[in-house]
Amino acid sequence: MYLQGFGNYHHSEAVKGALPTNQNSPQHCSLGLYAEQLSGTSFTRPRHNNLRSWLYRILPTVTQGTYYPYEFNVMQPFVDELSPNAMRWSPLYNSSQIKCDFVEGLFHIAGSPLVNTYTYYCNHSMSDKYFANNDGELLFVPYAGEIHLHTEFGKLILSSGSIAVIPRGVKFKVEVISKEAKGYLCENSGNPLTLPQLGPIGANGLANPRHFQYPVAAFENSGGEHTIICKNQKKLWFTVCNHSPLNVVAWHGNYAPYCYDLSLFNTINTVSFDHPDPSIFTVLTSESEIPGVSNLDFVIFPPRWMVAEHTFRPPYFHRNYMNELMGLVYGEYDAKKEGFIPGGISIHNCMTPHGPDYESYEIAASQDLKPNYINSLAFMFETKDYWQVTEQAYRHPSRQMDYLNCWQGFKIEFSQ
């Protein structure tokens, strides 16, 4: 069961009577609860941008105790000098017999001043272990397995073909439902993700607000040792407390985790000729200080019909002002016949040329242009700042050192 609607002002209570009816902070909360506000923006942001929620919890967060440096640091140093070459990786993870939870399975791939990208692998649930990211919100893009995200606001169910966003500062734990789970993770430290403007598309299309789902209140009332791991200023810290931090019995507000089924994306595409720009596939965006230039765009290339006439249908050859990090959830990407599979990653930074490989080009340039259905799901994290690659990703054996060879078959066919 979920609450529906992107950015709506929601309210939910796991126990009847836990929510105050006429105010936020009563002198004495019902059921012996404590009122606590969680702010996602400054108090004075314009009303349409203002994000906050009121939580009614068994214990206030201030009881969590002292934080100490954690033994594992998820953030990794970047390569000192990065060439303008295109880069691609095969999937980093194979199945492991070693127990590995969500935090232990994070692998830092690349970052920019306000965005970082990781992959995650987990085959073990976080039972009495919790995570919070004070540095930004987290966008989950799974490609294998099913996980349940137990958050301060309630539970989200997540599997391949769906996404979830955990806001900055919200504590959660990951329960692994399948044998193992794998996915991509994007950390956004800029403006919170929101729906893109639709412009001439009109009032409807792309991701519809009513399809975004928010959790109903659920809580843990358990004692014993509970470990909280917190990412704060690019470092991991931990504390041990004697009560679960997921102790919110009721909440109301517009700052909360949410999930979305990508199959509900209303894809816009040409029904005449040419290939529209990929901005028409934007699901969520984080706006920068420059109008029309995003800090982060989350873009998908979903299952869709291709019907353009007298047109080269795959993505065109391109040198981009923006910086692209791509992944594949399932299927075969229409611009890459080989080498780019689910779990893989490619990075094409500003002005780095990219486009269909030679085999894909040859097929698309000569095929009979009948309506064609593409059953795949690729995505892109696009940012205005260069993707800096971590040393561990740059030197990882899954990096395809021969990636540029996929474009070496092209010949000069010009004739006057």
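From the backbone N, Cα and C atoms, a Cβ is placed for every residue, glycine too.
Here is what Swiss-Prot records for this protein:
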ACT_SITE  H275  active site, proton acceptor
BINDING   H318, E324, H354  Fe cation binding site
BINDING   Y333, H354  homogentisate binding site
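Positions of the features from Swiss-Prot, shown on the structure.
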| residue | record | Cβ neighbours (10 Å) |
| --- | --- | --- |
| H275 | active site, proton acceptor | 15 |
| H318 | Fe cation binding site | 16 |
| E324 | Fe cation binding site | 22 |
| Y333 | homogentisate binding site | 25 |
| H354 | Fe cation binding site | 21 |
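Within 8 Å of the Cβ centroid of the Fe cation site, not counting the listed residues H318, E324, H354, the chain contributes P315, R319, N320, H348, T352, P353, G355. Taking the Cα atom of each, H318 (Fe cation binding site) and H275 (active site, proton acceptor) are about 12 angstrom apart.
Calculated from their C-alpha atoms, the gap between Y333 (homogentisate binding site) and H354 (Fe cation binding site) amounts to 14 Å.
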